[in-house]
Every structure is written in C-alpha cells, then in structure tokens.
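These features come from TrEMBL:
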type	residues	note
SIGNAL	1-35	signal peptide
DOMAIN	178-628	domain 'Peptidase S8/S53'
ACT_SITE	D187	active site, charge relay system
ACT_SITE	H257	active site, charge relay system
ACT_SITE	S587	active site, charge relay system
DOMAIN	705-799	domain 'Subtilisin-like protease fibronectin type-III'
Amino acid sequence: MSLRKRVGLRRPATVAIATAAIATMTVASSTWAQAAPAANAVKPGLYIVQFDDNPLSGYTGGISGIAATKPTAGNKLDTKTWNYDAYRKYLQSRRSDTLKRAKLNGKKPVYEYNTVFNGVAVKLTGSEVQKLRSTAGVKAVFKQEILQPQTADTPRFLGLDGPNGVWQNKFGGDEHAGEGVVVGVIDSGIWPENPSFAALPEPRPDADALADWQGECQPGEEAPFVECNNKLIGARYYPMEDLADKDYVSPRDWGGHGSHTASTAAGNHGVPAVINGEPQGNISGMAPAARIAAYKVCWETNSGAGCGTAEILAAINDAVSDGVDVINFSIGSSAQSPVLDSVELAFMNATLAGVFVAASAGNSGPGDATADHGSPWLTTVAASTHDRTYDKSVTLGNGTTYTSRGYGPALPSSPLIDSVNAGLPGADPFEVERCYSPAESSDGNATLDPAKVAGKIVLCRRGGNARTDKGWAVKEAGGVGMVMYNDPSNSVNADFQPVPTVHVDTVVGQAIKAYAATANPTASMTAAVRKKAQAPAVAIFSSRGPSEPSQGDLLKPDIAAPGVDVIAAVAPPGNHQNDFDAYSGTSMASPHIAGIAALMKQKNPTWSPMAIKSALMTTAGQTDNTGGPIKEESGASLIPSSPNAYGAGHVNPAAAYDPGLVYDSGPEDWLRWICGTYNEIGDVEGAGFNCADVAAAVGTADPSDLNGASIAVGDLAAKQTIKRTVTNTTNQASVYVPKVVAPAGYTVKVTPSVLTVLPRRSATFTVEITRTNAAFGVWQFGSLTLADLRGHSVRTPIALRAAPVASPLELSLSGTSGSKPFVVRGGVNGPLNTKVNGLVPNNVSTKRLVGTNVSFDLADPAEGPAVSKTTIAVPADAIVARARTFASEYPAGTDLDIYVYSDGELWGGSASSGTDEIVDLDPGATYDVYVVQYAVADGVTAQDVKLHSWVLRPVAAGNLTLSPAKPTVSAGAPTTLTANWSGLTPGRIYLGILQFGQGGNLTNATVVTART
C-alpha cells in the first residue's frame, strides 16, 4: 500500500551543517508552493520569478525579425549571433513591461536569467508575490531555497589508465583525454593553486575548439585573489547573504567539496597526493586534458553551509552561455517533484542546449525511494566502492581481536576510554560522544578532556561531524588512537586519520563499548594492510529507488560510479591544511560520470546529452571483480543488490564509445512524461503549463513509455506494452536480435523479433510484459539486450512491480451523501478482494495565533504566540494517521508550517511556502505536532489556526461502501467501481481508505477524502 510520504522540511533559516569530509546531500529547504511571506513578515524573501517566453536555449522562432536561438542537434548555444543578442534584449524588455504592469518596475533584480531560464531573482514582500502571480506574462514564482552539497586509483579501476586503457586506446594518451571539452562544476568553488588545476603544457592542440569560450575569471573581492590558466579557464561566484568571515568572497573554495568534485571530473593526470604528510600515490581526473570552469554557489554562512537556488540558477545560465559541454551538480534537489523545482527545469533547458548534466543521487540510503534528481533529462549517479581498501585489526585487553577497515601504523597496547567518559566539563554530551573538535563543535571549543584522553585510544561514535574531525579531536586532546563505531549501522571506511584508527560496525562497536566499561581496559592495533576488495558494491549511504516522483515508472538512479574513499583535491583551510583528502558520497560518484561524459563528448561531439547517457547505461556492467552480481554494503558485509540501487549498472567507460544503438529523447518526450506522471493534476502547479495544452500540442503517453535506456513499471496490472525507439550510431546497417531475461513471474515479448536499423537512422519496437505469477507489491528485475553480429550488446534493465489492480491514489467526495464512480484496471482475472476503512471525521485543534514566527527552533520546539502544539497518539493498529492544514481556511498570503516530534526528536513535517500542509504519521507512537504561523496576510494580526487530524483504524464505519463489494475484474481491462457514502455530518472533513488485493494480501490503496 502506497500512501503519501512525509515531505521535506523547510528550515526557518539556513540550517547549520558540519563541513564534513563526507559531504552530504540533505535538502535543508524543500517543497515549493504558491503562497509566500506577506508584507509584515519579519524578513523580505528572495524569489525567483519565471516569465512566459522561452529562454534562449529553447526559442524556436516566431518573433518577427528574430530567428531561432535554440541550438541544433549536436551544437552548442551560439552566443555571438545577432539573434542571440536581439532575443536576449527582447526577453529583458518583456520582463520589464511585465514588472511594470505589476507596479514593481522599481525593483532591482539580484539576478537576471536568460539562457536556460527566463526570469529574475528579486526580493519581494508577500503582497508583491501575490501581484506577480496574478500578472499576465508571469509563469511561476519560486521561493529561494537553500540546498546542500552531497578518487587514488579509480581511473585504473575503471579501465581508463594504463597501456590498454581508454585514454591510450581512444585518445592517444592521458595528455589528450578530454581535449576541447569544458567541464562546468557548480559547487563550493575551487582551490586554484592545487596541482590538479595547474596549467597544461603549451601549445594546446585544442585551442581552436575553445575559441568560442565566453567565460570569465573573476578574481573575487579579497585576497588571495583567484587566477585562472589554460586548465582552470573560468571561475565565477554568486554570494549569498550573511556569509561567514572564514569563507572567501570569491570563487575560492573553503570547505573543499567543489575542489574535490572538480579534480575528480577533470583534474590533471599523475598528481602526487599527500595526506597528513603521507604519500598516497598519484591521482587523476577522469578527463585530465579537459578544461574546468568553476561556479561557486555553496557558501559557509553564519547559519551554516548551503547553496541557494537563486544562485544556482544564475550559475546554470552562465555556464551554458559561457560554453561548457558538461555540468557536474553534486548538490541535492529541492523537491521530490521535478515540475516543482526551478533548478531541475533549468537543467532541462541546459540539456536542450546540448549540455550533459550529471547529478548525485543523494546520501539517504539504504532506504527505498530516497533518490534525489528524479528528472529524466539528468543522469543521476549512485555511489559504489572501488577495489582499494585497507584492513586493520584492534585487539582488546581481553584477547578478542576484530578486523575491519582502518588506516595508520601499528599501535602498542594502550589504555582505552569510551568518549562518553572523556568529556570536558560543560561540553555538549552529544558532541562528546561523537568526538567533536573545536573546528566543528557548536561553541568552537574542544569537547574531549586532555587530562582524560592523553596517551589513550578513544572509542568515538560515528555521526554528527565528519569522520576525520573525530580523529583530529582525539589527536588535539593528546590521544594516540581511535576506534570509531557505527550506531546505527553504516559503511566502514579506511579514512586517512591523523591517529591510527579502526572503523567498526554497530555490533562490534557495542562489544568494544561493553569492554571499555570494565576495569582498566586496553587495546592495541596492527598496521593497516592494503587489500584488494570485492568491488564494485553499492555504498550503504547511496540513495535508492524506486523513483518517488514517478511512482516507480522511471528507473532511478541511472548508473553507479565510485563514491567511497575517493582521493582528490581539497581546500586546505577546511581540511586541516591538507591539499588532498579522501571523501565519500554520491557527490564523489557524480563527477566520475561527468568526466567520463566529457570523454564521450570529445569522441562523439554531435551526440546529444541523452545519447551519451544512453551509451553509458546500455554498456554498464552488472558484475563485480569476482564475476558475481553487484552487491551492496550492509554494515561490514555485502548482500545482494538490485537496479533500484545501481540503475543500469556500474559505469564501464571502455564499452561506451561504441554502443551500437542509443535511446534519445527531447522536450516533447519530457513534457508527455511530466503530464503522464502527474495525470491527476490538470495544471501542473509550479511548472507553469497546463497538461491539457500539452496533450493538444504533443499528445499523451504513459510515463513508462519515456524513451530511455531502462524500462520500469511501478504498478503493472496484468499486462502492459512499452514502446521504445533506438538510433543507430554507426555508418553501417545492423540487424539486432532481442535477448530477454524476464523478471521472475513475468513473460516479456519483443516485437519485431528481428530489428533492422539503417545507418544513423532509427527504428521502433514494442515490449509486451505479462504477469504470470509475480507477487504483488514486490520488485522483480530482468533485462532486454539487443545484440547484433558486429559485437554490440545494447542492454536495457527491466524493473517491474505487479499490482492486483491499478487504482487512483486519491478520491475526493463532497456532500453528506452520494455516489461517485471511478475506474480501476484489473491485474488478475476473477474476484478482487476489497476492504473499506472509515470514513472517520476530522478532529480539529484550534488556537488563535498572533503575529509570525520565522525562527522556530527545530532543536528546542516550544509553543508561543505564533506557534500551537497538539499531541496525537497513534495506536499500533492504525492504518493511517494524518495531520493537515487547509489553504481554503486562510486568506492569501498566509504561510503555515507543520513540524512533528516523537520522543522529543524531530520526526518530520511539511513546510512549503503556503498553507496546504500535510503529514502522514506512522502507527504505534505519540507525536507532538507544532503549527508555526510563518506569515500572515496583509492587515491580519491574529487568526484562528486549525490543525485537522485523523486516526484511521482498519475498520469500516458504515458510512462508506463500495459497489460491487466483491468486484470481478479481467486482467488488463478497466472496471468501473462506485464509492457510496451517507450519514455524514455537515461541516466536517472525513478520511477513509479503500484497499484492494488478492487473497488476504491487500496491496493497493485509494485514499478517500469527503468534505461535507
């Protein structure tokens, strides 16, 4: 049963995050919605206003005297033409006229966007936002959001380096790999003095290819100023407000994230990496001869670290105008739905302009449906391990030895102390247990007491701060070694720590913790031993599919690449003065794909971004270096994995240059996919277009029919036929024969059985999928491979989840009684079991809230004049519990947020820039639900705020029935059912659930809401 998930939280201010060696991709501010802070909110808001006309990358003509500026296939946006300049001025004039009509012509934009997004970023009051949203010519208004950012021998592991590697075979050596290609890195800036970004030898053979480069090298506002060269050819910065003094108001990196991703994608070849004074071998980026352009959008602020969407949009516009070929985006997405995200929409237009975009999948694994960047025009990258690791053992004083991951020399027997017993007086116990150094502690002071730690091995809990920060905390307190343990279970890593360290998982950690509580505990460590590990394996933290926005009808992530213990360049100030360090995260995986895509672009300059993506996916590998299927981390062990974790497989660069066939797609395909995915929404809110208009212009399609290099159906009811079109990339006609590995419980038939594709032409085939005995609600996986006699094997993963019936997610009723028909599609022949739950009326908690609260303390929630608190107990047998506010009960300009706590800890919430907030609660817990009045409408000083809640147990209330109660369905055929309701009390809102299934397994659900 799939119900509405908890949505992301909008923090009242930029949330402080630790600058970590393992950069995370957590969204600090998510979910865009229509209402915005009103005129009397404490702080004005920065908003992104999108206007009706297409941006430069999407303009196809139609204005008298101005020809199209949209680039033709295989070409970049031409910024030097008269039409480009004329249309840019046209957009500026039209925006000016529109703002004038809204009486906002006196507002000076913070940023103007012309290239991939037609709009401005401007500070507005709530009333000004309302004016704009009702002004002709304005497509949408997005609130500024704050996002978060998410290699020594990965080139060898991926087959790039060496005498028979890709660099030598395809490009004549590493000195030519990436020539003529520019990789744009939108991140936290760059440390230009790092040898990974040193000048390339002159003369450059690709000088002519870069003659049209339009980028800038902005030195910044303070020393040390940034200087570019023929390697780092562009550097721009987009400052946010309230910057911390430690950061540089320039393109210069402070934390290291941007330098790391840039050098992984396109850093120089053969650069010696030294970490904590110890040589770690030579490193290289994936495209070592490519040029780099850095766009700094992520900043250290006084409220924490973050990346603003207004700044990101400006960077995307500049990057495309400058002339980059590839963009790496190791930053989270602002909303689960790509149609609600201005950044994802801008990337759609960047892709139309011929720019390949790699994006990190996120670090929220291993839970299902956690992957970011669900848009089909992005290549979303999961993180995997590579085959270099270090084993290290710790032996306790009781004789027990544990072997795990670790780094550093041997350590003789030394006293062992648990960090919880090693804190300084007054230090935060949370930070003490996790061994915070002054660099990351909340008050800037040490947490460990040197009098207790000196000469000892310290047991530190993982989490909160960077793993290497714990080692520095131990070293600075005089400790000689560290045992770091996971709680909860997570990956185990061989970090380059400043003291000898063993990293163990939860069970071992608890055993060591118990021993440390005995009298006079001691421990010793062996020296780390380099080991060839079984790889690749999906990292435990890597976010998983199925894709939440598409409900499983689009496979995400798309592909996997190394993202664990990747050694690359960093910025010394934020990394204990190291020039290099090992980071882990999908942020590290994404630039591997960006760099490899740069090599693909060099080899095949006319290929579209989607063709490159397809080639990478259809040639990806599904086995590890032992010859077995790719596995995934589970603590310190490896367990079976699936395409929901690694997509099409692990990147295999050597095979990608000659894929034989590619799946391509473009804007019409993407619009049909958006409207097919959100088929219950006529006007796709926030996207600025109406799906009825889209259907009239380009038709409709099932989202599973998007022409991509994977096949996914999240609710297959009996049978479904999928259509795909492939394009021959060679100059010879080829005959392909399909080879199917059918997912368990299904048959798969491909028509035609022999596919002939002419040179550089396309051909279409269908895939008929029929369920035989697959379990409902369970994902099964297979593949379709198109093989020819020339050695091409075009592999497409298949991901299927059977449903006994495809039913609507929501059903809305009105009135105290009535009947409403709706259509379901049968997945089985014969009777279908149904169950009616509810309807139950709403409970309403009303409090009069006065004024606004824009600084609600998430760490210490409390009621106040503008904050209400309601406690909701949810029994263990509840089928659903929901807390909600309704927009219809408040005037425009009101903004309410919901924050939910369980056992004093923040559990979830709903915090869009509006009043229609909703959270579904898990059974078996008691929750404190806070409603925060973030903004009020003009002229309102106080108002009654209502929290509606429902607790629905699995029983029928007698006021809702389904007819027929035991429907008979035919596999694959539509069946009309009728919901009947009666006896409801006027003025209430009711909630119920209709469940469907086969036998006793009720796997499908429709949420019923009745307003009387």
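Sequential numbering from 1, following the chain as shown.
Here the Cβ of each residue, glycine as well, is placed from N, Cα and C on the backbone.
Averaged across the domain 'Subtilisin-like protease fibronectin type-III' (705-799), pLDDT for the predicted model comes to 97.
Reported as a whole number, the C-alpha separation between H257 (active site, charge relay system) and S587 (active site, charge relay system) equals 8 Å. Around the Cβ of H257 (active site, charge relay system), the number of neighbouring Cβ atoms within 10 Å comes to 32. Residue counts of the domain 'Subtilisin-like protease fibronectin type-III' (705-799) by helix, strand and coil are 1 helix, 60 strand, 34 coil (DSSP-based). Every protein chain shown contributes to the tally, and the Cβ of S587 (active site, charge relay system) ends up with 35 other Cβ atoms within 10 Å. Taking CA atoms as the reference points, S587 (active site, charge relay system) and D187 (active site, charge relay system) are 10 Å apart. Cβ-based neighbour count (10 Å, all protein chains) for D187 (active site, charge relay system) stands at 29. Under the DSSP three-state reduction, S587 (active site, charge relay system) is assigned to helix.
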